[in-house]
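For reference, the structure is listed below as structure tokens.
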Ligand code: NDP
């Protein structure tokens, strides 16, 4: 069979088996759409049917999470952990608490995590987990009881050399703290069990900022290579959570103007530049909606709906909210409005046809698995610090983060060039991430 037919057959098999897992199939289709030239060069992978192994998780866990709300009523949510691939190290990837969470979404996230973690050059495998629990509007007590119940089951399946979860949508320092506390009660004090911990108990300095900063560093290296800089650039940022806030912070530090942010109900456009202190106060301290931003800054515009439906001129777009937030029509609008770089702080925020459109139009499209790898990279640095029982300074962590992002950018760029697809960072990220994992799997006897 030719490599092209092999890739097609694997895709068809998965569509047959997992036809209802749309997000997972989307992530696999994107990956498969780029790997044929690599398989042509390396027939040993097809000979060992490696793609079939790679697309099947090593282990899937699903469990019930009973918890009591403030009225004393029992509630039940679904908990999951996907342990997808351990060729390069313990499973590593965040926990997401959001009502949309299901097996398909977590499998797509865990699948992408394999290549992302490989690109960091650090010893971590790929995993992801979470629950369809909705933290929005819950009291601290309810969040705590939910986290305790979630960890009561999860604790049986994780460990510093087995699986090390972190945060994602709906899981920040508060949730990690409650999860950690419960693990400690059930087992023992083990700093290496979770990352994204508050710095008071062995979290890494710079972890909170890492994903947003890292995505901006990635673009900064791309700009520098093209003899350009952030200076004066207008940037559209979506989301107003952890990734968006620290992307905006680093953009401002590097001389760009971030002119938007959003949440699941609406969008702020602030042509004077986002007021970061105000945004942090609203989202990190008060946990309010973005309408509060408009109230405090009447000169800004607030509209309900998606940022990507607003026709706003900009140089760079950084989607930092969630998957599939940019479709093909919105991608076309962005290109029409002058966007030359799209860097994904979120995971898979562009649909596959939108991503392919960007690439075809010569837009520098920086896929999430490369551009947002800074978060997991600093999580791996947190693991190193926990093992050493040492803490590094914020400057040291930040310098390492910048070095890692530079390396990821260069790897994606050079791999794309090597395969005759200049500036196709999607192909570069997939092939470079895959090469290392595939090699490790073969050397370990395909286990
Ligand atoms: P947060 O929970 O801190 O923030 C998420 C933001 O996205 C909020 O503004 C939220 O709005 C918005 N959002 C979430 N779901 C939707 C939706 N369905 N429609 C519209 N807006 C939505 O999460 P993070 O900032 O941590 O994560 C954002 C993205 O970055 C995710 O794709 C995540 O997987 C990815 N990522 C995160 C990393 C990390 O270290 N945290 C690492 C790598 C990637 P609202 O509050 O209204 O729900």
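Just so it is clear, glycine is given a Cβ too, placed from its N, Cα and C backbone atoms.
The shown structure was predicted, so the numbers you read here are calculated from the model rather than taken from an experiment.
As recorded in TrEMBL, the features of this protein are as follows:
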type: ACT_SITE; residues: 128; note: active site, proton donor
type: BINDING; residues: 92, 113, 116, 167, 379; note: substrate binding site
type: BINDING; residues: 211, 242; note: NAD(+) binding site
type: SITE; residues: 168; note: site 'Important for catalysis'
Would you mind sorting out which of 168, 211, 242 (the recorded positions) have a C-alpha within 10 A of the one on residue 113 (substrate binding site)?
none
Out of 211, 379, which of the binding-site residues has the smallest number of neighbouring Cβ atoms within 10 Å?
379
Within 10 Å of each Cβ, count the other Cβ atoms and name the one among the recorded positions 92, 116, 128 with the highest count.
128
Just to confirm: which same-chain residues, 6+ apart in sequence, have a Cβ under 8 Å from the Cβ of residue 242 (NAD(+) binding site)?
167, 172, 208, 211, 212
Would you kindly give the Cα-Cα distance separating residue 379 (substrate binding site) and residue 168 (site 'Important for catalysis'), rounded to the nearest Å?
12
Rounded to a whole angstrom, what is the C-alpha distance between residue 128 (active site, proton donor) and residue 92 (substrate binding site)?
7
What is the set of residues, excluding 92, 113, 116, 167, 379, whose C-beta falls within 8 angstroms of the centroid of the C-beta atoms at the substrate site?
93, 94, 117, 124, 127, 128, 166, 195, 375, 376
Which number gives the other C-beta atoms within 10 angstroms of the C-beta of residue 113 (substrate binding site), all protein chains shown included?
26
For substrate, with binders 92, 113, 116, 167, 379, what's the maximum Cα separation in whole Å?
16
Around the Cβ of residue 168 (site 'Important for catalysis'), the count of other Cβ atoms that are within 10 Å:
26
Which recorded positions among 113, 116, 168, 211 have CB under 6 Å of ligand 1?
168, 211
